[in-house]
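These notes are about the structure you will find just below.
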Amino acid sequence: MPAKEPLQDRVYRGLLRVLPFDFRSEFGEDMEETFREQRAATERRQGTAGVLRMWRATIADILRMAPREHVTVLTQDTRFALRMMRKNRGYTLAAVLILGLGIGANTSIFSVVNSVILKPLPYTDGNRLVIVRQQGAHNGVTDMRFSVAEINDYRQRNRSLTGLVEYHGMSFTLLGGTEPHQVRTGVVSAGFFNFFGVKPLLGRTFVEDEEKPGAQPVLVLSYEFWRNQERGDPNIIGKKYQMNDRAHIVIGVLPPIPQYPNENDVYMTTTSCPFRMNAGFIGNRNRRMMSVFGRLKPWVTLDAARRDLARVAADLTAEYPASYTAQLGYGIGAVALREELTHDATPLLWTLLGAAGFVLLIACANVANLILARMARREKELTIRTAMGAGAGRLLRQLLTESLLMALLAAAVGVAFAYGATGLLTRFAGQLTPRAREISLDGWVLGFAVLCATVTTVVCGTLAAMQTRVNVAGSLKENGAQSAPHASRSLVRSTLIAAQVAFSYMLLIGAGLMVHSLIQLERVDPGFAPERLFAVGIDLNFTKYPDAPSRRLAARRLLDRVQAIPGVISAACASSFPMDPDNTNFGSGVVRFRVYGDSRPDTELPPVSAVRRITPDYFRTVGIPLVAGRAFREADSEEAPNVYIVNRSLALRAWKNEDPIGKRITFDGEHYGEIVGVAGDVHEFGPGLGAPIQVYRPVAQQPFVGALLVRGAGDPRALIATVRRAALEANPESAVTKIQTLEEARSLSTASPRTTTRLFGLFAALALVIAVAGIGSMLALWVRQRMREIGIRIALGAGPGDILATVVRQGMVLVAIGLACGLAGALALTRLLKNLLFEVTPTDAPTYAAVSVLLLAAALLACWVPARRAARIDPQIALRCE
């Protein structure tokens, strides 16, 4: 029975494992023998104390030696890997580019997901901030805002929220420059910026004394307004603007942060807003205009806050029944601000990241196939290295080193791709969330790119090394002769090709559905004629045009000037124009009207979601057809009886097949007016959102002008400068806020689905190219490895057509398997796109058929190229191949 090895020797052998394997293989036995001799001698001369000192020195030596030896081995592996990569530039370039594109697609989308969804809000205690909303369920109103009295009530009575601050948006006109300039103005509580923890870039924000009645009006400028309008003037603090007939002093400039709920040019305190400080407004509980934000108290959950707010709402309903009638269906709710900022973007961004993930999977499969093909060509080299003593671990480490180097190069390509796409993705995300401006390539994004590259290439490299180990053993048995492709390797390569086809098919189906949906969306008739039509935003300064007569006169002067311009076919004034992307309030509420003689309860009355004031030529100018009745006339003046025009949807909903012309309706229960016409429906908010229930009123009877519509005889852009000048000359103290063609407005209404479709299409195109390249490269390798077999078949009488068919069949069988798997996956996964599709189902048969034909045609072309090369092989040359 052999003697048991001393414990100290076993511990020493274990300690040597921190050294590289090759080092241990070469020097390990000698080191163990030396250690045993030194230990025995030391123990005889110095005893246990000497042995302990020897152990301390030995451990220190090994721990110093291990990093140095590992670095030496890593340096050797890296140099060898670089030589191999330079020697095989084509392979290296293909692998890096393919993997880089897959990583780039994922990194670019992840940069958006990270900045918009995963990062905390750039505000103090961002996860505890909520927006509070009053609701009128019976009127279909999800946000009816707050009155001054209600804000005070909730500040005093709630027990779950602190720092309730208010906000509402206005548009005011700045005077004193070369021309009047409209500014989007946020009217806020003095503590608004402190509540969000926003520190000014310059100056300071508001203090409580500046919210007291009679205080000097002050402004805080947004970063964009300061940069664009004031050219980043560092001495802006103290500058005076004339607005609302009062001088306003600039006290601060905000940093570049997302603004919510609206992007504003300037901010003022509540006491500086003439509407907010109107005595009638302050004293009326039903005059609701403000949004309210709060912060959850420590240890208070959002559900608890909702219950607390509901308690206050119940108390107010009991105390003020006239303001919170049963017909209103009054209620209150709270939503986390983080969710509010991202709820439109979240499902779409996760879907896009999933699509990008498919691209990365396809790239990984393709690179794995490239590595396997290269391993087949390196089999003789690896066999020789194994015969010379290289262990499987060393071969694996060498292959992984090559893979990791490619990973770093691919990550660099991916980051460059993502950097180039940042601008496009920021504009795209800006259509979905105010957080778009936070998008950046930070450390998390760079880490994600490196992680993707490392994991995918390590997996690919390990897979290749495992297959290579099997084939090296077979090669040694055959004395190094070139062996036929191993069945295991062929199966892996075939599986990877089928997987590429399946994943690319699923992506192509998703992109095809999005394209079909976009085509359906853009085919929708908007309800008006946008060609040669443009809109001019008009802001009649309320301090200069304070009453109805002055606004009527301003509209009349404006139309007289513009209609006299050569090239103008017609012009009209309106309170707003169709598809205006900035008119977020149009159609945001619901009011109900009563037909004369109708005694139903208020909750059962027909609803109206949009009211537009127009001048008589509006329908002719905009190109909206009149279905019945007449347009407004000049005779429909302020002294004439009230008249209305309703759209087709309202007429059908309220009267079904009955003629609405001549019906008398009221919105306030007292003042009735006659319906004189029925207009066609207009898709006010974009073709995918349907037409609102809409009523038109004459500007003469309800004077409010926010837009000028002009139809020209030719290109509208040729008229813009002239019309703009005429508008300012007609009313010098009004402001031109924007000029936009209606074709541009229509295009902007479909910008988000168009960009989404382009991203899906880009990912699908990348997937198709990578998959087709993989099919072609796999068949080219198959032909090269079977050249002798093909030569024999040709020598025995096989024709070029037979060889061509054999090679094509080899590839198309894998394509068919991949397509079948992809079809099953597409039927399961495309249901996730249901909310993104317009008038297209996730199982749309024409889309599936078209994508199938496209994929089969591309795959057939990929198979045909190596097949044609095989059919042209010279059998004499092929038979000499070994």
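Cβ atoms are placed via backbone N, Cα and C, with glycine included.
Whatever TrEMBL says is automated annotation, not expert-curated.
Only residues 6 or more beyond the boundaries of the transmembrane segment (91-113), in the same chain, are considered here, and those with a CB under 8 A from a CB of the stretch are 85, 349-350, 352-353, 356-357, 359-364, 366-367, 370-371, 374, 406-407, 409-418, 421-422, 425, 429, 439-441, 445, 448-449, 452-453, 456-457, 762-763, 766, 770, 773. What TrEMBL lists as transmembrane segment is 91-113 (among others).
If you look up TrEMBL, you'll see 92-311 (among others) marked as domain 'MacB-like periplasmic core'.
Feature annotation from TrEMBL assigns transmembrane segment to 348-372 (among others). Nonlocal intrachain contacts for the transmembrane segment (348-372), taken as residues 6+ away from its ends with a CB within less than 8 angstroms of a stretch CB, comprise 91, 94-95, 98-99, 101-103, 105-106, 108-110, 112-113, 116-117, 403, 429, 432, 452, 456-457, 459-461, 463-464, 467, 489, 492-493, 496-497, 499-500, 503-504, 506-507, 510, 756, 759-760, 763, 766-767, 770-771, 773-774, 777-778, 832-833, 836.
The domain 'ABC3 transporter permease C-terminal' annotation in TrEMBL covers 355-468 (among others).
The feature transmembrane segment is assigned by TrEMBL to 404-424 (among others).
TrEMBL lists 444-466 (among others) with the feature transmembrane segment.
Taken from TrEMBL, the feature transmembrane segment covers 496-519 (among others).
Annotation source TrEMBL lists domain 'MacB-like periplasmic core' at 594-702 (among others). Here the domain 'MacB-like periplasmic core' (594-702) has, by DSSP, the following mix of helix, strand and coil residues: 16 helix, 34 strand, 59 coil.
The annotation transmembrane segment is assigned in TrEMBL to 759-783 (among others).
Among the features that TrEMBL reports, domain 'ABC3 transporter permease C-terminal' is placed at 762-875 (among others).
Sequence-distant contacts of the transmembrane segment (813-833) (same chain, six or more residues past either end, CB-CB distance under 8 Å): 351, 354, 494, 497-506, 509-510, 513-514, 775, 842-843, 848, 852, 855-856, 859, 863. Marked as transmembrane segment by TrEMBL: 813-833 (among others).
Annotation source TrEMBL lists transmembrane segment at 845-867 (among others).
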Candidates 404-424, 496-519, 845-867; stretch with most C-beta pairs under 8 Å toward the transmembrane segment (759-783): 496-519
Tertiary contacts of the transmembrane segment (496-519) (same chain, 6+ residues out, Cβ under 8 Å): 355, 358-359, 361-362, 365-366, 368-369, 372, 750, 753-754, 756-757, 760-761, 763-765, 767-768, 770-771, 774-775, 778, 811, 814-815, 817-819, 821-823, 825-826, 829-830, 833, 836-840, 842, 844, 846-848, 850-852, 854-855, 859
Local confidence of the prediction over the domain 'ABC3 transporter permease C-terminal' (762-875), expressed as mean pLDDT: 82
DSSP helix/strand/coil residue counts for the domain 'ABC3 transporter permease C-terminal' (762-875): 98 helix, 0 strand, 16 coil
